[in-house]
Ligand code: PHE
C-alpha cells in the first residue's frame with residue numbers, strides 16, 4: 001500500500017468518475033476538429049486504417065501502462081514515474097519521462113485553447129446570427145475575419161483559459177468530476193442528434209466510402225507518422241493526462257476494462273464525427289482537404305441550409321466547446337498536481353499561477369493567426385510548431401520511453417500487481433508493450449525519416465526477421481536491465 005500518498009488521498013468519488021473523466025479527456029477537439037481535417041488531408045481510408053491499427057496496437061497497451069503508473073505512483077506524472085522506478089530499483093534517468101509528459105500536456109493546451117476559443121466564438125456567432133453567409137467563400141471570410149483581430153480571438157481563448165483554470169482549481173472531485181458528470185452525457189446526446197441529421201443530408205454514402213475505402217498507396221510516410229501521432233493525441237497519451245487521472249483511481253478497479261471503454265468511446269466518436277461532417281462536405285461539393293478551418297467553414301454553411309439549422313448549429317458548438325473543456329482540464333492536471341505536491345501550495349493558487357503562464361504562451365499561439373502570421377520557422381507558425389512537435393515527436397517518443405520502461409526496465413511484478421490481468425492477458429499485454437509498441441513506433445519513425453521505406457518493413461520476411469531479432473534482444477536484455485543494484 002502507498003503511505004506516501006502524493007495525491008493527499010484524493011480519489012474519484014463516483015463509480016464512473018475515472019471513466020467519465022478519462023473519456024472526457026480523450027474525446028475532444030482531436031475527434032471532432034482534427035480527425036476530419038487530417039483524414040481529408042491525408043487521403044481518407046488509408047489514414048483511418050493506420051490510425052485504427054495504432055489505437056489498438058499502441059494506444060490500448062500504453063494507456064493501460066499509464067493508468068497503472070499513475071495508480072502505483074499515486075502522484076503527479078513526474079512523481080509517479082519517479083516512485084514506480086524507485087520501487088523497482090531502477091535508474092533515475094527514467095524520470096525524464098514524467099517531465100516530458102507534463103510539459104507536453106502544457107504545450108498542447110497552449111494551442112488547444114485557441115481552437116476551443118474558435119468554438120466558443122462560433123457558438124456566440126450562432127446565437128447572435130453572425131454565421132449567415134450563403135457560400136463557402138462567405139464562410140471562409142467569416143473565419144478569417146474572426147481570426148484577424150487579436151483582441152477578438154484573444155478574448156475567446158482567454159475565456160477558455162479562465163474556465164479551464166476555474167474548474168481545475170476547484171479540485172478533482174468538486175471541479176473535474178462534477179463537470180464531466182453532466183458534460184459527457186450531454187455531449188453524447190447532442191452528437192446523436194447531429195448524426196441523425198447527417199444521415200439524411202445526402203452525402204452519407206460518399207462519406208462512408210471516403211472514410212473506409214482504403215488504398216494503401218495513397219498514404220505517404222508523412223501521413224503514416226501523422227496517423228500515429230494522432231492516435232496518441234486522441235487517446236491523450238504520453239501527455240500526463242491519463243497518468244495524472246490514474247493517480248486518483250481507487251484500488252481494485254479494472255484498468256483493462258476502463259481502458260477498453262475509453263478507447264472504444266473515443267474511436268466511435270471520432271468515426272461518428274467523420275460520418276456527421278463528411279456527408280455535409282460532399283453534399284456541398286467542398287474540398288475535404290480544407291485544413292484546420294474545415295469544420296468552421298463547412299458545417300455552418302450546411303447548417304444554414306437545414307431546417308432548424310440555427311438550433312442544430314448551437315447544439316454543435318455547445319457540444320464542441322464541452323468536448324474541448326473536458327480535454328483541456330486533463331491536459332493541465334499534471335502541472336497542477338505537480339505544483340501542489342512539490343511546492344505545497346493550494347490547488348487554487350497552482351491553477352491561477354499556471355493559468356498566467358499558459359495565457360502568455362497561448363497568446364503567442366493565438367497571434368499566429370493575425371499579427372504573428374509571418375513569424376514562421378520552416379514554414380510553420382508558432383501554433384503549428386506546438387501542434388507538430390507534440391503530436392509527431394513528444395508523444396510518440398514519450399510513448400516509446402514509457403513502453404520500454406514498462407516492458408523492460410521495471411520488475412514485472414509491479415505492473416502485474418497493478419494491472420491484475422489473467423495469466424494470458426498479462427502475457428499478451430507484455431508482448432504488446434515490449435515488442436509491438438516500440439517496434440511500431442520505431443518503424444514509423446524510420447519510415448518518416450526516409451531511412452527505410454515502409455514497403456520494406458511490410459514485406460513479411462523482413463518484418464518477421466525484425467520482430468524476431470527484437471524479441472531475442474529484448475528477452476536477453478530485460479533481466480539484465482532489471483537486475484537490482486547491489487545493496
Ligand atoms: N485527446 C484530446 C482530444 O482528442 C486531446 C488531448 C491530448 C487531451 C493530450 C489530453 C492530453 O482532443
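A Cβ is built for glycine as well, from the same backbone N, Cα and C atoms used for every other residue.
Summarising the annotation, TrEMBL assigns transmembrane segment to 12-33 (among others).
Annotation comment: TrEMBL describes 45-70 (among others) as transmembrane segment.
Feature annotation from TrEMBL assigns transmembrane segment to 91-115 (among others).
The transmembrane segment annotation in TrEMBL covers 153-172 (among others).
Summarising the annotation, TrEMBL assigns transmembrane segment to 184-204 (among others). Within the chain carrying the transmembrane segment (184-204), a Cβ under 8 angstroms from the stretch's Cβ atoms is held by residues 20, 23-24, 27, 269, 272-273, 275-284, 302, 306, 312, 315-316, 318-319, 322-323, 326, all 6 or more beyond its ends.
Among the features that TrEMBL reports, transmembrane segment is placed at 224-248 (among others).
Annotation source TrEMBL lists transmembrane segment at 260-282 (among others). Nonlocal intrachain contacts for the transmembrane segment (260-282), taken as residues 6+ away from its ends with a CB within less than 8 angstroms of a stretch CB, comprise 19, 22-23, 26-27, 30-32, 35-36, 39-40, 48, 52, 55-56, 59-60, 63, 191, 194-195, 197-199, 201-204, 206-208, 210-211, 234-235, 288, 290, 294-295, 298-299, 301-302.
TrEMBL lists 314-340 (among others) with the feature transmembrane segment.
Residues 106-107, 109-111, 113-114, 117, 147-150, 153-154, 157-158, 161-162, 164-165, 169, 332, 335-336, 339, 345, 381-384, 386 of the same chain, all 6+ positions outside the transmembrane segment (352-373), place their C-beta atoms under 8 angstroms from a C-beta of that stretch. What TrEMBL lists as transmembrane segment is 352-373 (among others).
Among the features that TrEMBL reports, transmembrane segment is placed at 393-410 (among others).
If you look up TrEMBL, you'll see 431-454 (among others) marked as transmembrane segment.
The transmembrane segment feature in TrEMBL is assigned to 460-478 (among others).
Listed stretches 12-33, 45-70, 91-115, 314-340, 393-410 were compared with the transmembrane segment (224-248); the greatest number of C-beta pairs under 8 angstroms is found for 45-70.
Residues 22, 35, 38-39, 77, 80-81, 84, 210-219, 223-224, 226-228, 230-232, 234-235, 237-238, 242-249, 255-256, 258-260, 262-263, 266-267, 271, 274, 399, 402-403, 406, 415, 418-419, 429, 432-433, 436-437, 440-441 of the same chain lie 6+ residues outside the transmembrane segment (45-70) yet bring a C-beta within less than 8 angstroms of a C-beta in it. Ranked by the number of CB pairs under 8 Å to the transmembrane segment (91-115), the listed stretches 12-33, 153-172, 393-410 are led by 393-410. Across the candidate stretches 12-33, 153-172, 393-410, the maximum count of CB pairs under 8 A to the transmembrane segment (314-340) is reached by 12-33. Packing against the transmembrane segment (153-172) from elsewhere in the chain are residues 7, 10, 12, 109, 113-114, 116-118, 120-121, 146-147, 178-179, 248, 324-325, 328-329, 332-333, 336, 347-348, 350-352, 354-355, 358-359, 362-363, 366, 369-370: each is 6 or more residues past its ends and has a CB under 8 Å from a CB in it.
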